[in-house]
Amino acid sequence: MVAGSYRRYEFVRNRDDSDDGLKPLKDLNGQICQICGDDVGLTKTGNVFVACNECGFPLCQSCYEYERKDGSQCCPQCKARFRRHNGSPRVEVDEKEDDVNDIENEFDYTQGNNKARLPHRAEEFSSSSRHEESLPVSLLTHGHPVSGEIPTPDRNATLSPCIDPQLPGIYQLLLLPVRILDPSKDLNSYGLVNVDWKKRIQGWKLKQDKNMIHMTGKYHEGKGGEFEGTGSNGDELQMVDDARLPMSRVVHFPSARMTPYRIVIVLRLIILGVFLHYRTTHPVKDAYALWLTSVICEIWFAFSWLLDQFPKWYPINRETFLDRLALRYDRDGEPSQLAPVDVFVSTVDPMKEPPLVTANTVLSILAVDYPVDKVACYVSDDGSAMLTFEALSETAEFSKKWVPFCKKFNIEPRAPEFYFSQKIDYLKDKIQPSFVKERRAMKREYEEFKVRINILVAKAQKIPEDGWTMEDGTSWPGNNPRDHPGMIQVFLGHSGGLDTDGNELPRLIYVSREKRPGFQHHKKAGAMNALIRVSAVLTNGAYLLNVDCDHYFNNSKAIKEAMCFMMDPAIGKKCCYVQFPQRFDGIDLHDRYANRNTVFFDINLKGLDGIQGPVYVGTGCCFNRQALYGYDPVLTEEDLEPNIIVKSCFGSRKKGKSRKIPNYEDNRSIKRSDSNVPLFNMEDIDEDVEGYEDEMSLLVSQKRLEKRFGQSPVFIAATFMEQGGLPSTTNPLTLLKEAIHVISCGYEAKTDWGKEIGWIYGSVTEDILTGFKMHARGWISIYCVPSRPAFKGSAPINLSDRLNQVLRWALGSIEILLSRHCPIWYGYNGRLKLLERIAYINTIVYPITSIPLLAYCMLPAFCLITNTFIIPEISNLASLCFMLLFASIYASAILELKWSDVALEDWWRNEQFWVIGGTSAHLFAVFQGLLKVFAGIDTNFTVTSKASDEDGDFAELYVFKWTSLLIPPTTILLVNLVGIVAGVSYAINSGYQSWGPLMGKLLFAFWVVAHLYPFLKGLLGRQNRTPTIVIVWSALLASIFSLLWVRINPFVSTTGVMSNSFMGE
């Protein structure tokens, strides 16, 4: 039985005589201190010093005082908090206790008076009704006192008599080790509701959501985050307590790193304001146009920096606990309670996305460390290519050998191409004697599999005149990729074969949605929405994970990492997706074109994780299916608090421990009625369906659901399955027919698909728009960075391919900027946090920076050619302002690299490509976006090539591919080089006094050239040759600009020229 004390915030349990009793207090005399080794000693009154009144742990007074002042303030043995003894100095926690005046006398036992004192103590706790009625006890339930009394022995055996052999007839109260309890926490979170732990285990699952929400919230706040073991109920009770702990935690960056960083940011903001004030109030009269252009550019750069900087104010890391996830949902010997997950793989063109790459991704999914009956892999072939279909059939056969090999030897990664290409000691930690033999055999099997795939690829190079035919002689339905029916093929799963060990494999399903002329297909977003519907009809996983065809599972536990957040009752109900960072293979050593995007993934997204969560980056993301359906999140009052800067400066609105967390059952009803963001709630639909009393009302409800989700009763029924799985009323024989129906080209007509549900249409970068809509409804997202990267993919290392990729991203941002979903004006009545909105605004306006950036990069050349400058002669004070500005810029960069652990080279590559992309791809995106939105001139979607290098490592890096994107940066390079030559020539002709002003102009020009240096190397290529067409066009433009500027120099007065000409004559 458990009893409690409200005033002392602790519980005790009585032992019976079968337990090992604690030592009588009289035996403590002569004990050795268990910390320092000295004698325990006596008090001032000559009695044995007892540090802990609960267990009598031997501790001398010096160690006792040290532990209370500088230590944990708890007994090392029983973890009970030390009480203050008379004469001991007070510590902070003593202020909350009752005054202690006679602690020593209360336990002042000596050899001569034990008999006089112990009977009195025993009488106080005897089982007589007189004493029981006078001893009220308060229990704690959710932080509220509940009065109670110690029951009589015949009712509940409150006290177990343990007779001291030296004191016959006297009952001694034996206490368990005591833990200090937080009165605001539920007792269930400590595992101390019932002595019978077996009963608690049975009732645990019914109470887990309620308790975990309360407990995890306190855990993240650092209140009660450490849970001590009971030490008496055995390993089973400890296992139950461990299973109830949060499955993840927030790891804040050290304040020693963040505080200087924030101080420098504030100082930089102040210095920037002073600098801009100086620049705007000190024009250059003889170069007014150049000065005005430079000031406008600098003001925009300052605004752009603010948009980028503020969301990085409060970065965080996260840590997951896979062992707790297993204890809670996936115990050995019991059916797994992990949620079902549907994995989406999207591909379009097998010529640019090689089937072998897609096959490796699929194999890594099928071999993932997750219950096979909980995983389904859907491959979307939006190009309806028979090559993809046949390659997937070969992949399904090979997986029957590959999957058991991976699981038997627990290898990583589980994509065979990348596993066998690892240059590591593959025998490390592999103790099975059969491993080497089986690995060699598996490698031979994989080489044969590659040969079969390559034969299919070679065969697909020449398309037959009559189109492709299948093995049974029938025509391939997808011969016309723009006009074909929907196709679904289940390769593995319940209807497929078993692996070589006789075990079931995850489902593998091929899907190609229907396409017909006259229907808008919305590219990748439309294909993903088709996968949402077909997966809901066939498997209906509670969570969805999407990856590109070239992003394989590098960590077989990636899904479990995501489930640590998604299945956590405290945050899972309000988490729309878990985003993993993108990591890449096959990038050159120096990452010439910043393909790794390290600054974005390791700095920007960690900053957003401390606000409302990272943006969705298009791949490597695990979604909550309910969030994609447009439903409302389950929010608490904490989620509606001010933005993080206000919270950091002025504190939270919470008021200590007395704050009450809203009840879990009430959270689902939290909605904003005045929001212009469509918000749906599961309970609303339940009421719609169950609350009607007549068939007419039910018909109206059905029409509303069809208007939202489309005319598929099976799919609509699946949307109500919040935990996944198919409804019990579903007829398996009709599922494939219904699946074909939901991927038909006209299914989305007059529904909310692409508007409020699923992937959102309206931009080629559908990922940004989809994540923004979820955040606007109040959902949060999580950034998960496991120690072993979850996914790895390929990136375009060729300059032209890289620029085309950046062009597509920038074009999508411009489309969102000019749409109704623009974060500048959309969803202000929703639940999007201020700093999150600023981050989204920065995500869509960054291409506009290309215009001032282009102008700013041309300024050094014009200054050198015309012998003018954008800054007037400056005083010492102005010089100090400039030096402080540059110092603050570099100081903030260095401190940012320090807390993020990003390498300096990665940061510099990012800065260089910001200029390269800004003066090329971003500039083109602005004009293409304007033409597309206002003139209706659409641009073709270009799939980035994922083909691997066949001519050697990084051969693709040196291949030149012509694109008009190369012209603007090349022109900037040539103009600045011409300007440098002109400036030096002028200084040589003008004498020594002209070299001083020249230095500032040369530094300005070299700053531009240094940022464009990787671009210059890309132009030269392996043979150090630049294509003639690029040289001709760039030289022509540079010459035109230079001659035109010299001919109509606006900074030299016409009268001056005329006068000089006259005098020369």
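Glycine too: its Cβ is placed from the backbone N, Cα and C atoms.
In Swiss-Prot this protein carries:
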- 1-257: topological domain 'Cytoplasmic' (TOPO_DOM)
- Cys33, Cys36, Cys60, Cys63: Zn(2+) 1 binding site (BINDING)
- 33-79: zinc finger (ZN_FING)
- Cys52, Cys55, Cys75, Cys78: Zn(2+) 2 binding site (BINDING)
- 258-278: transmembrane segment (TRANSMEM)
- 279-286: topological domain 'Extracellular' (TOPO_DOM)
- 287-307: transmembrane segment (TRANSMEM)
- 308-850: topological domain 'Cytoplasmic' (TOPO_DOM)
- Ser346, Lys352, Glu353, Asp382, Lys523: UDP-alpha-D-glucose binding site (BINDING)
- Asp382: active site (ACT_SITE)
- 436-463: coiled coil (COILED)
- Lys524, Asp548: Mn(2+) binding site (BINDING)
- Asp767: active site (ACT_SITE)
- 851-871: transmembrane segment (TRANSMEM)
- 872-876: topological domain 'Extracellular' (TOPO_DOM)
- 877-897: transmembrane segment (TRANSMEM)
- 898-912: topological domain 'Cytoplasmic' (TOPO_DOM)
- 913-933: transmembrane segment (TRANSMEM)
- 934-963: topological domain 'Extracellular' (TOPO_DOM)
- Asn940: N-linked glycosylation site (CARBOHYD)
- 964-984: transmembrane segment (TRANSMEM)
- 985-995: topological domain 'Cytoplasmic' (TOPO_DOM)
- 996-1016: transmembrane segment (TRANSMEM)
- 1017-1025: topological domain 'Extracellular' (TOPO_DOM)
- 1026-1046: transmembrane segment (TRANSMEM)
- 1047-1065: topological domain 'Cytoplasmic' (TOPO_DOM)
Contacting positions for the coiled coil (436-463) when only residues 6+ beyond its ends and CB under 8 Å are counted: 350, 354-356, 359, 385-387, 390-391, 394, 398, 401-402, 405, 408-409, 416-417, 420, 426-427
CB contacts for Cys36 (Zn(2+) 1 binding site) [other CB atoms within 10 A, all chains]: 12
Best-contacting stretch, by C-beta pairs under 8 Å, relative to the transmembrane segment (851-871) and drawn from 258-278, 287-307, 996-1016: 287-307
Cβ atoms near Lys523 (UDP-alpha-D-glucose binding site) (within 10 Å, other residues, all chains): 17
Averaged pLDDT, computed only over the residues in the topological domain 'Cytoplasmic' (898-912): 92
Around the Cβ of Lys524 (Mn(2+) binding site), the count of other Cβ atoms that are within 10 Å: 22
Least surrounded among the binding-site residues, given as Cys33, Cys63, Lys352, Asp382, when other CB atoms within 10 Å are counted: Lys352
Local backbone state of Lys524 (Mn(2+) binding site), from DSSP in three classes: helix
Maximum Cβ pairs under 8 Å to the transmembrane segment (913-933) - stretch from the list 258-278, 877-897, 964-984: 964-984
C-beta crowding around Cys55 (Zn(2+) 2 binding site), within 10 angstroms: 20
Separation of alpha carbons, Ser346 (UDP-alpha-D-glucose binding site) and Asp548 (Mn(2+) binding site) (Å): 6
Remote residues contacting the transmembrane segment (877-897) - C-beta distance under 8 A, at least 6 residues beyond either end: 257, 260-261, 264-265, 267-268, 271-272, 274-275, 278, 282, 312, 603, 903-904, 907
Outside the topological domain 'Extracellular' (872-876), six or more residues from its ends: residues with CB under 8 Å to it: 282-284, 882
Assigned conformation of Asp548 (Mn(2+) binding site) - DSSP reduced to three states: strand
Other same-chain residues whose Cβ falls within 8 Å of the Cβ centroid of Cys33, Cys36, Cys60, Cys63, the recorded Zn(2+) 1 site, in sequence order: Gln34, Ile35, Gly37, Asp38, Val40, Leu59, Gln61, Ser62, Tyr64
Under 8 Å by Cβ from Asp767 (active site), same chain, sequence gap 6 or more: Val615, Tyr616, Val617, Gly618
Helix, strand and coil totals (DSSP H, G, I; E, B; other) for the topological domain 'Extracellular' (279-286): 5 helix, 0 strand, 3 coil
Distant-in-sequence neighbours of the topological domain 'Cytoplasmic' (898-912), which means Cβ under 8 A and at least six residues beyond its ends: 253-254, 257-258, 261, 315, 590-594, 596-600, 602-603, 606, 1010-1014
Max pairwise CA distance, angstrom, over record-listed UDP-alpha-D-glucose binders Ser346, Lys352, Glu353, Asp382, Lys523: 16
Intrachain residues whose Cβ lies under 8 Å of the topological domain 'Cytoplasmic' (985-995), provided they are six or more past its termini: 864, 867
